[in-house]
């Protein structure tokens, strides 16, 4: 047997899934909706409030809650209330939340235990930026890594050593940016004699093992004799200088950058780091110790086929060129100048350029081992976009909504229509509509989600408006509805629970009939009358405080009518305080005495318990109704409606 939903019948949420969801239906934020109006498979987004914690409020589709089992996002940890966020619990951490790099995310939306990785900005130095998880910052107490590194730097830990840091020969390296125990070799300059310059590992200086090699254990006589150039180390007796042991290296000696050194006074085993320059390609310069340069079989690391400086030991038979000739068809003819496939093995970790055999526009870089393992053209396989498959070409209309500034450096020419990566979009109708979603979802949606929402709300408003406008005989409609419900009062059911369910539905129907009369009579009376529309706008803060555009002013009558109609359709007509004020200020219709209204309000409260709490009051006690209660409600709502209707028929604005 099919369920009502399977049969295509929309069953109200109150009937199909009453208790659990009714308890979490938000009592105030769903002004124009109620549980008895929405089918259980509705995709409409409404407000909910957690029954465990009233601070937890969120919007979700009705069907997502009914059929997909979506619960409270705060209890599940997907969201957090401000009181439990890092903004409240860890204000010092929140103060370093990066103001620009976290898109629309705020510290008030993040729990201290969140593992989400976000951007931070040091409050001491705004140039220090880094990524870290929220939990790592809030619970793990991790701070600015750059500040922490500076606290462990040579300058901070060993200021006396930092004082001998060479002022010019270390490039961008500073003692404030190098760790105190670094194994990096840098240049030093003696504080006692600026002519003394040498290289040494940082940690050998900071642990006190090495000081100035010229001052340490040498007489002034030896220092004078050590070199005709002030920076050259002393050549030990019996050792051949590199200029005599390896005269071929003199062709690579950098004459301009080694002015302080003399190759005639440096031994072949010296660890002194100096500059070298290729005689064939002067732009190729590098630093290396004399000892390493002597040992190097190929003296020109920049010019060697293998850029590591070591000639390949691979024979041609074992090279990628011999074993994978089909790949050589895609070896880029011009962009691999320093690479030779005959000297690279199939498992080489060298990254080289390739050109697709099918389409020469497809050019990419990949490791040799990736290609020999079967990696192909990323454009043909759909991983990268080319001029024929990019979004700009395939979906030019969608590409027009690509956000011009928030996706840099990516452009519509860099992505395919099937991409699952998220980008920013901007509505081409309303530039204020900006949102983020994947390319494939954008292509499938094709329209601006915010414009869609506005259009959907407009359709709902138009449907409600047509429904209200169609009920011009609102008093007769009310009387017919009350008469039909009154007949049901005398229907007897053997099962007491079923009998009470019927009584509750009758009671809710009587109050709903009264609300329908109030809304239809007020809207159908006010909207056609310019005088009454103006009265609504002059007495309602929502209109008095609003700023209007030139376009709205030009078409004032049309816009005023639509705005008033929309506002009145959104009013909750069982809120007697709001309705009473509207009727008295706009229509000059007086409501009954306070005592009579109090009785009517009790009936309205019962209807609220029936609709929103499945017939239970705030204490959880189930309401019990009988025939006398229902007859009393019939009498109460009829007297109220007839009194209102009589005044409206005699109102002065009718003349």
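Cβ coordinates are placed from backbone N, Cα and C, and glycine is handled just like the others.
Record features (TrEMBL):
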- 21-78: domain 'Treble clef zinc finger' (DOMAIN)
- 94-149: domain 'Treble clef zinc finger' (DOMAIN)
- 162-218: domain 'Treble clef zinc finger' (DOMAIN)
- 209-242: region 'Disordered' (REGION)
- 249-304: domain 'Treble clef zinc finger' (DOMAIN)
- 288-312: region 'Disordered' (REGION)
- 327-383: domain 'Treble clef zinc finger' (DOMAIN)
- 398-453: domain 'Treble clef zinc finger' (DOMAIN)
Predicted model, mean pLDDT over the domain 'Treble clef zinc finger' (249-304): 76
Within the domain 'Treble clef zinc finger' (398-453), residues counted as helix, strand or coil by DSSP: 14 helix, 12 strand, 30 coil
Helix, strand and coil counts within the domain 'Treble clef zinc finger' (162-218) (DSSP): 6 helix, 12 strand, 39 coil
Helix-strand-coil residue split for the domain 'Treble clef zinc finger' (94-149), DSSP-based: 14 helix, 11 strand, 31 coil
DSSP-assigned states of the domain 'Treble clef zinc finger' (21-78) in counts, ordered helix, strand, coil: 9 helix, 12 strand, 37 coil
